[in-house]
Amino acid sequence: MTRGSMKRSVLFVETDAAAEYPYANNNLISMYVRCSSLEQARKVFDKMPQRNIVTLFGLSAVFEYVSMGSSLHSQIIKLGSFQMIFFMPLNEIASSVVELTRKCVSITVLKRARQIHALVLTAGAGAATESPYANNNLISMYVRCGSLEQARKVFDKMPHRNVVSYNALYSAYSRNPDFASYAFPLTTHMAFEYVKPNSSTFTSLVQVCAVLEDVLMGSSLNSQIIKLGYSDNVVVQTSVLGMYSSCGDLESARRIFDCVNNRDAVAWNTMIVGSLKNDKIEDGLMFFRNMLMSGVDPTQFTYSIVLNGCSKLGSYSLGKLIHARIIVSDSLADLPLDNALLDMYCSCGDMREAFYVFGRIHNPNLVSWNSIISGCSENGFGEQAMLMYRRLLRMSTPRPDEYTFSAAISATAEPERFVHGKLLHGQVTKLGYERSVFVGTTLLSMYFKNREAESAQKVFDVMKERDVVLWTEMIVGHSRLGNSELAVQFFIEMYREKNRSDGFSLSSVIGACSDMAMLRQGEVFHCLAIRTGFDCVMSVCGALVDMYGKNGKYETAETIFSLASNPDLKCWNSMLGAYSQHGMVEKALSFFEQILENGFMPDAVTYLSLLAACSHRGSTLQGKFLWNQMKEQGIKAGFKHYSCMVNLVSKAGLVDEALELIEQSPPGNNQAELWRTLLSACVNTRNLQIGLYAAEQILKLDPEDTATHILLSNLYAVNGRWEDVAEMRRKIRGLASSKDPGLSWIEVNNNNTQVFSSGDQSNPEVVSQAQDELNRLKRNMLCKSSFNKLVCSN
């Protein structure tokens, strides 16, 4: 305010007519205080014919401009502006303190709250703070400002405490997990001071138990609630419901819920949230149906949590019905509800409807943007994901966070967008998210999918905090690239750093042992799975069955499978694969019947194992029947399915059918393997025409393939074309000089795996260990041969 305008205001207020109104004088005092003219404010105050409590509140504006310890603050005390408090009734003094404290409502005004508290004390209003009413509001003021330590100090200095005093702290502790453990020691003081708890007391204490996940203390409180007659209080019972749900005791929660007479929306919501939190999604949706049948109207929060359940369950039809009900019921959609709808459509793969919902959101927040970007990425719309990410960058707010980058990076994992992923990696580094575990895991997945293990290792090395998800990504990534030995090493290193393994990491490392035929190392991980209780997890069970099956111990695989309580299809497929690998066609087919009897729909893996079994045994008719059955069920055949069928009909000499299958197979470099199988069959059947055509197709893909030249030489030989045989032999000799040596590995000395090649003398220790193992195998063979001779001679 300028000097001129202030003078005009003073001239008006100092008229006799204006002086009769306290309202005018109160505003004049407030104006002088804001302009730091405290002496003028005191003069107006002294001349006031009528003073009320608002006069004091006008002076309280000084706290917005004057800090503790300043000269102006000292001047206030010197002028005695607050001495009027001594001439006010006690109830008005308490009310004035309360009104001042209620102006402090967040942590941003904590300094002002302390100034109010100190100024009231130093101005002589200490008598007011002896009132529990004033002190309780001081406690609430500090709680609202986020200073629970200061609130406790006020509580401890109170000469008289009542139930409201205790409830103020209980409520604060129940909302702050770091302070929740301080609540129960207070109950001893409460009992000592003969303060009787009420419904609010029990509600807050039960919420503390939920925060601490202390179901025993919660049950004890529930007994007191029943004893003191609060079991009919809906608010108290709802808090007990929430406590049991948070602690995972859904049976006790259901018993309490059944005893609640007047169930409101909060009680129903608590049961729905508890079911979803404990992965009982179907039960949560059933509670929602019962809620509707009971006539209780769902709230926006109800719709949001139920839609989240539909997202987790992938229940698209139910999600659509809930969306329709929201529209019909004229419920005013808020941002959390819109985000829940958006997440549901993204999770269920309906991106068209997801974009419609996103477009109707008036002011989408970062959760909205992250949901639409993640939905595009997860549903194969990588280009749209990047477009939405660029749109977000063009906006001033909100700014992308680690979840945004993770979703965008996932969209660039495909080879055609990999270059964008590298650019995003640069942005992540620039903005300081490179050490985020969430972003790091996505970067690892992107690099491994593009076969850049070294780049993935660099990302991993930057991470300071490595959780089990990050380690598992390294294990799975190396396993998929065929680096099974590295996968095992990473698991061992993870375990040494005291990271707890989970079912996914164990199943991945057991799969790596299976690929490398490292049975002894796999048995060690089997023991670890039993010790940690993950042997009951279906992914681990399937990996164990697969490992023992591939290593020739199908009986052990059968034992593990029989111990599984509710094996899933993956576990069934693993056992079926064990029978297939050993050519047990009859057992495989019988096991297939059991799969059908148990209500499972066979998938591509199921039929692959069956076709492989038929291929091993040469069961052509059975294989053709299964092939046609698979196609009738709409299961798309992959390369391995075609490989089994080509091998099967080629062994039977049906080269024309094999040629037809190859031409139907998906194109790619893998087709060379199919053509090579056909070429080998043509050698056996002396079919020169199809054989030459097969060789031509292989050499288009790999002109220097030695195996093809050898097969082609054999084809010429069986057809008597010796000049062509000689020509092929000359080519083979030229190719042999540039051929890369094959590698082998052997497991020796307690799970130590050594890699070597033919004639390799580079590592004497490896040569010695391999030679010792070879000698051991020879001795075993000689002993077995001698035993057989002894048995036969007898």
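Glycine is treated like the rest: Cβ placed from N, Cα and C.
Features of the protein shown, as given by Swiss-Prot:
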REGION    674-749  region 'Type E motif'
REGION    751-782  region 'Type E(+) motif'
REPEAT    131-165  repeat 'PPR 1'
REPEAT    166-197  repeat 'PPR 2'
REPEAT    264-298  repeat 'PPR 5'
REPEAT    299-333  repeat 'PPR 6'
REPEAT    365-399  repeat 'PPR 8'
REPEAT    401-435  repeat 'PPR 9'
REPEAT    436-470  repeat 'PPR 10'
REPEAT    471-501  repeat 'PPR 11'
REPEAT    502-536  repeat 'PPR 12'
REPEAT    537-567  repeat 'PPR 13'
REPEAT    603-637  repeat 'PPR 15'
REPEAT    638-672  repeat 'PPR 16'
Sequence-remote partners of the repeat 'PPR 10' (436-470) [C-beta within less than 8 Å, at least six residues beyond its ends]: 402-403, 405-406, 409-410, 412-415, 418, 421, 425, 428, 476-478, 480-481, 483, 494, 497, 499-502, 505
Intrachain neighbours beyond the repeat 'PPR 11' (471-501), with Cβ under 8 angstroms and 6 or more residues off its ends: 441, 444-445, 447-448, 451, 453, 456, 460, 508-509, 511-513, 515-516, 518, 521, 525, 528, 532, 534, 745, 753, 755
Residue distribution over DSSP helix, strand and coil in the repeat 'PPR 12' (502-536): 30 helix, 0 strand, 5 coil
Intrachain residues whose Cβ lies under 8 Å of the repeat 'PPR 2' (166-197), provided they are six or more past its termini: 136, 139-140, 143, 148, 151-152, 155, 204-205, 207-208, 211-212, 217, 228
Chain residues outside the repeat 'PPR 9' (401-435) and at least six past its termini with a C-beta under 8 angstroms from it: 366, 369-370, 373-374, 376-378, 381-383, 385-386, 389, 392, 441-443, 445-446, 449-450, 459, 462-465
Counts by DSSP class (helix H/G/I, strand E/B, coil) across the repeat 'PPR 11' (471-501): 23 helix, 0 strand, 8 coil
